[in-house]
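What TrEMBL says about this protein:
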type	residues	note
ACT_SITE	Ser797	active site
ACT_SITE	Lys840	active site
BINDING	Gly448, Pro449, Pro450, Gly451, Val452, Gly453, Lys454, Thr455	ATP binding site
DOMAIN	90-293	domain 'Lon N-terminal'
DOMAIN	706-891	domain 'Lon proteolytic'
REGION	53-72	region 'Disordered'
Amino acid sequence: RGGGRRMWRIAVRRDGTLPRHRLNHVRDILRRSASSQQGSGNDGAAQRLAKWWRGQAQSHDETGDGTEGNSAHDAVVAANGASAVQYPRVLAVPLQRRPLLPGILLPVNVADAAIAEEIQALRSQGRPYVGAFLLKENIEEGNKTMEQAEEDMHEIGCFAQVHAAVADGKGGTQVLLMGHRRLKRTGVGSKNPLVVDVEHLKDHSYDASDDVIKATVMEVVSTIKDLLQTSPLYREQLQYFAQHSGGFHDASKLADLGAALTSAKDTELQEVLEQMDVPERLNRTLLLLKKELELSKLQIDIGKKVEEKISGDQRRYFLMEQLKNIKKELGIEKDEKSAVVEKFRERVKEKGDLVPKEAAETIEEEINKLQALDPSSSEFNVTRNYLDWLTGLPWGVTTKEVFDIEHARKTLDEDHYGMDDVKERILEFIAVGKLSGSTHGKILLLSGPPGVGKTSIGKSIAKALNRKYYRFSVGGLGDVAELKGHRRTYVGAMPGKLVQCFKSTQSCNPLVLIDEIDKLGRGHSGDPASALLEILDPEQNATFMDHYLDVPMDLSKVLFVCTANMLETIPGPLYDRMENIRLSGYIAEEKFQIARRYLDPQARDAAGLRPEEAGLTDSAIRVLIDDYAREAGVRNLKKLLERVYRKLALKLVQVEGKELEQARKEGSAAPNPEGAVVQAKHMVTETDLEEYVGPPVFAADRLYEEPPTGVITGLAWTSMGGSVLYIEAGVLEQGEGKGGIRSLTGQLGEVMRESASIAHSCARSVLSKIQPDNRFFSESALHIHVPAGATPKDGPSAGITIATALLSLAMEKPAKKGIAMTGELSLTGRVLPIGGIKEKAIAAKRAKIKEIILPEGNRRDWKELPQEVKDGLDAHFVKVYDEVFEACFGNPAQIKWQEQEEKASVV
């Protein structure tokens, strides 16, 4: 008994196996022990010893290499009788990612229920061995048939032992596989689950004593050690390998281990698994390890940079906190909450009694609330922002108004040319303010076409009155909260525009310009037009309540100036509270003066040019106005001037770049070769304009130089100013009972269509008096067209123009040359007054029309026009249509007598 026990201690290796030369020494002991135990009740112990011995012998028979370096998994397989002969067919376990290499433990998730059930059955039978094969693509097992799964697997896999199999609770099974040796699929044994025929592969023979292999092994071991220093995640796996493999001297096992330690691609690891040549496998593993090492070093560098930044920030934070505490202890600085509270109290103290009682009470209440809150809470920030707005407003602070008429006149003249009527209205407004002591409660509305200076006039008024200026646009505004603020319960709540205005200007009596009031929107969040009533109405705005502040504010000292292009779209209740000042537009001479005094210098400066370097002649500016920019305002004219100077700048830089730079350095024009100073000025003339701005937009002043029969020139008002409008009348067909207006074209509105019907009836009545025998209207189907069909047209002012066009067609007589007209026509032939006289007069003058026909009711408007507008225009004021007829065709009695004379001559 003692001898056997000593032999066990000496002979058995660390992995539980025996070297071959020790087997003979142990064999006799086993036999004697087995024979002596028979019949003594220890038959089971003898059988177990014999079984263990057979396993040792079989293990040596399988390897057959005569070495003593068998690995742990070989020992386990041998001990359980898992020889290549016993396992020619194995269950195929597909691997989604990373192949299993010999000597490596790999957890695998088996989603296929049939495979999981078969694995459990193999374990219960004491045969826990399977074949692990990597799928060629990452394909879910449940989406493939067995034939497809077999085709998608790589041919080379690994013979593996199932160490554990546990259900994951999600319908799958977690399996821990231990790789033993390489396998090759040779066929399919059965399906569902897939069982394949395999061939157990052995490494190709190699010379383990070769210096190259030894050096490669040493380099692999060195690289693994370096990798272990950079990433300690592999330490446990390396320790397991060192304990159960007998060291790092086996090149084959070392290659498998090194490849398994990397994060290489599945295809690269599969190539290592399929490589049966050990030196080549070792080289592939070394390459993968080097890549992994460089990747780990890069990861460490990135981590160090991030840690250094975080450490620096943390160090700064800790130092700042220590500094705060030191200052707090020394009384130099207070904590954040105390500093904020002190700031708010200081603001209230500065304003003193100017703060209204209700606002002061709210501020005090909020400050007490703030002191009880934790600075890190969200409520603290909300309360602090609210107090910041409350204490930041200029409660009771106003700027002293200046009611100096001469100063105001000078300011308006400096900023704007012309518009004498508008300036006069503004001076009247200032004079009333001087006598009454304030301009409170006034709401000015500046209406007119785009580009006439409405916004800039508002700024000039603020400058003349010494008021702070604030502008915001309500065009398209559909949310009442933009005007009256959001409730503080909302995240990111803000006060309305008026509160923002007060804080921005730090004045309670600024001039507030509300732009584009005729383009107010209406959304799901209320009606902004109704909200503006409370803001603008002097009877209500003294106690205006912003939703965010929730404290009454006095807006009665604010001077509101609104701008609009069209009055028709302004809500009635709003328009009733406004005093309208109409800016009709500019005539050609006013445009020229504006361009020469303001626009031309601004455009030249914006292009970086100097007056001595480039400019436009007077004739060029006049051609720009007449042929390119006929609109009522000057915005398009400004764009054209900027375009001219941009092209001039490009030409100067390209052609005279060096000379120009030298001239600027010397502060004068470029010198000529003789040294004399010459003027390097490029003037654009009217003949050069096509090169800079293209062909003229308005090639002709009028569509018809001499309107033919059935065509009459009218005058129209648009939001862009006045324009010339032609009425064309024609005959579609004639015959008994076909009289009437059959077609109206040109995008005419309902009011204009009614005017055409009235004009037809009136013209028919007039023709029956002049030419009783003329049956034109009763036998002619008429077509009336207004050119520029893409532009919508509406309004009653074309009544007399349509009637005149119809009479011209009926009498086959053209109207007087160079005459235009406008006026509403009633059914009884009376001519009614219309609007937009100044715009229409400017349009007539722009089209070089000499005579215009206006309703008698507009004589007062004509007298108020500036003299420069009326110069060159002969106005005829009419009460009834007979006067219109006489101005266009002559005396009706004379026309009748001439007709009788013509008939007599024919007879």
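Glycine residues also receive a Cβ, built from the backbone N, Cα and C atoms like all the rest.
Here the features listed in TrEMBL are painted onto the structure.
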residue: Gly448; record: ATP binding site; Cβ neighbours (10 Å): 27
residue: Pro449; record: ATP binding site; Cβ neighbours (10 Å): 23
residue: Pro450; record: ATP binding site; Cβ neighbours (10 Å): 16
residue: Gly451; record: ATP binding site; Cβ neighbours (10 Å): 21
residue: Val452; record: ATP binding site; Cβ neighbours (10 Å): 27
residue: Gly453; record: ATP binding site; Cβ neighbours (10 Å): 24
residue: Lys454; record: ATP binding site; Cβ neighbours (10 Å): 25
residue: Thr455; record: ATP binding site; Cβ neighbours (10 Å): 16
residue: Ser797; record: active site; Cβ neighbours (10 Å): 26
residue: Lys840; record: active site; Cβ neighbours (10 Å): 28
As a whole number of Å, the Cα atom of Val452 (ATP binding site) is distant from the Cα atom of Lys840 (active site) by 16
Quick one: pull the CA-CA distance for Pro449 (ATP binding site) versus Lys840 (active site), whole Å only. 13
Applying the rule Cβ within 8 Å of the centroid of the Cβ atoms of Gly448, Pro449, Pro450, Gly451, Val452, Gly453, Lys454, Thr455, what extra residues of the same chain belong around the ATP site? Leu446, Thr563, Asn565, Leu583, Gly585, Ala632, Gly633, Arg635
Quick check: of the binding-site residues listed here (Gly448, Gly451, Gly453, Lys454, Thr455), which one has the Cα closest to that of Lys840 (active site)? Gly448
Alpha-carbon distance [Ser797 (active site); Thr455 (ATP binding site)] in Å: 30
Inter-residue C-alpha distance, Pro450 (ATP binding site) and Ser797 (active site) (nearest angstrom): 22
List only the single closest residue to Ser797 (active site), chosen from the binding-site residues Gly448, Gly451, Gly453, Lys454 by CA-CA distance. Gly448
Report the mean pLDDT of the predicted model across the domain 'Lon proteolytic' (706-891), rounded to a whole number. 90
